[in-house]
């Protein structure tokens, strides 16, 4: 066992002395040491319950003959960090999560890991660490919250964001917004729709790194605690079997995850996180081209908020990710090994799809193509991403004049100041990994546009979007403006064309005009210090996952 490094031989007497002070008995030194990486915090609703799940994991580890050691890492709530400087730290925190899990596992020679994340950047950060460490690991995601109810309809947090714009447009009273605010999130856990946190939980299960049913098992259900306990038992078996993450997270497994992502119409942030996780494993090639290729083959089969009226609860009742995999079985790689020790085929052999109005059959999809599309052109030579499954049919192709802003904050002033007109293409630039720095999410602008009823306004940015964004919103434009990307050459009034079916994002400028404007472009100066200053120096481009270089 790897833990023998700290517990075997006369030279390890000091180590054993310290470990005994943690309560270990002589017998415990014969057992595998299992780390439980817990991202509990009481300021993040998606993580406030993880202490309880950690206890269930410990019960499982102990019952299977292991020794459980719990440690913590950080967690940021994107909803609370939204629309202020705090959002600059969100994507950057993914790297800190990965580094802290790696550091704890290596420093203490752990034999295996149970990873306990819930929200947006914590899930990929922990998976990056698992891939990097390559010791047996299993993930227990925290689970979605139940949907709220407002005036007889199901609602979630995105309805509150959009409600701000609706109030501004005079279509809702402040009292109604306050009522919506109180009932949209009926309890803690991850938001009720298919936003980034729940998308990443689904893809973790599709990768084979969580037990079947884990992603959609709601946090309030006893099933979630059972899965946590079973995961604790299973990790001890995985250590005995030497079943490592690189044996599970193969090229084919990542392709399965991308197919599930496209079928569900998941968050655009997956085009950052899936390549970033894969980058930790030698020999894998997971890039935007793969998303583009598969999006033309895999249909969008589940209309879940923000793209539709269904919630994660509906997906769970329809059979969850096992049912999605079953529906896609003619496309997916069924021989991939999973954390169960069995193949995908064995896991889904007896699965039945519960509600075909939630998980549609392949011959009757929501859309004929996958939920995400990769656009390229003279504005995005290295690519950009749009959640096409959440774009209205009449906005799949749009041409309009640019309204250019050098930050999210400038754009928000213009939106609420009534300076955005139907037909405009909003450009928010210098918000990329280096430009922000930190590649902030543009949920406030997109929600304000939707809430104010501006149905023919598009938005493009080198920043990101929340998984809750809907509409003709194109993000991750690469290269970013701060790195002399063409977005820096756009002026107010330039005609921009978005053609999602043709996968094009272009501005009506010649190559020479773009080059001349870039030479005279003045980049905003943004003074940052501490971690953000280091992140700005090291962050890579969005088209390769914005990983540190």
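Heads up, the Cβ atoms here are built off N, Cα and C, so glycines get one too.
Small disclaimer: the values here were computed from a predicted structure and weren't measured.
Feature annotation from Swiss-Prot assigns Mg(2+) binding site to 78, 120, 121, 441; the stated evidence is sequence analysis. Within 10 Å of the C-beta of residue 441 (Mg(2+) binding site) we count 31 further C-beta atoms, all protein chains included.
In this structure, residue 119 ([2Fe-2S] cluster binding site) belongs to neither helix nor strand by DSSP; it is coil. For residue 119 ([2Fe-2S] cluster binding site), the same-chain residues that are 6 or more apart in sequence and have a Cβ closer than 8 Å to its Cβ are 44, 46, 47, 75, 76, 77, 78, 142, 190, 196, 197. Marked as [2Fe-2S] cluster binding site by Swiss-Prot on the basis of sequence analysis: 119, 191.
Taking a C-beta cut-off of under 8 angstroms and a sequence separation of 6 or more, residue 121 (Mg(2+) binding site) has the following same-chain neighbours: 76, 78, 90, 91, 93, 94, 97, 273. According to Swiss-Prot, the N6-carboxylysine annotation covers 121.
Marked as active site, proton acceptor by Swiss-Prot: 466. In this structure, residue 466 (active site, proton acceptor) belongs to neither helix nor strand by DSSP; it is coil.
You'll find the Cα of residue 191 ([2Fe-2S] cluster binding site) roughly 10 Å from the Cα of residue 120 (Mg(2+) binding site). The CA atom of residue 120 (Mg(2+) binding site) is located 9 Å away from the CA atom of residue 466 (active site, proton acceptor). Across the structure, residue 466 (active site, proton acceptor) and residue 441 (Mg(2+) binding site) are spaced 6 Å apart at their Cα atoms. Taking every protein chain shown into account, 120, 191 are the binding-site residues, and of these the Cβ with the most other Cβ atoms within 10 Å belongs to 120. The Cβ centroid of 78, 120, 121, 441 marks the Mg(2+) site; residues of that chain outside this set whose Cβ lies within 8 Å of it are 76, 81, 87, 90, 91, 119, 196, 197, 269, 464, 466, given in sequence order. In the three-state DSSP scheme, residue 191 ([2Fe-2S] cluster binding site) falls into the coil class.
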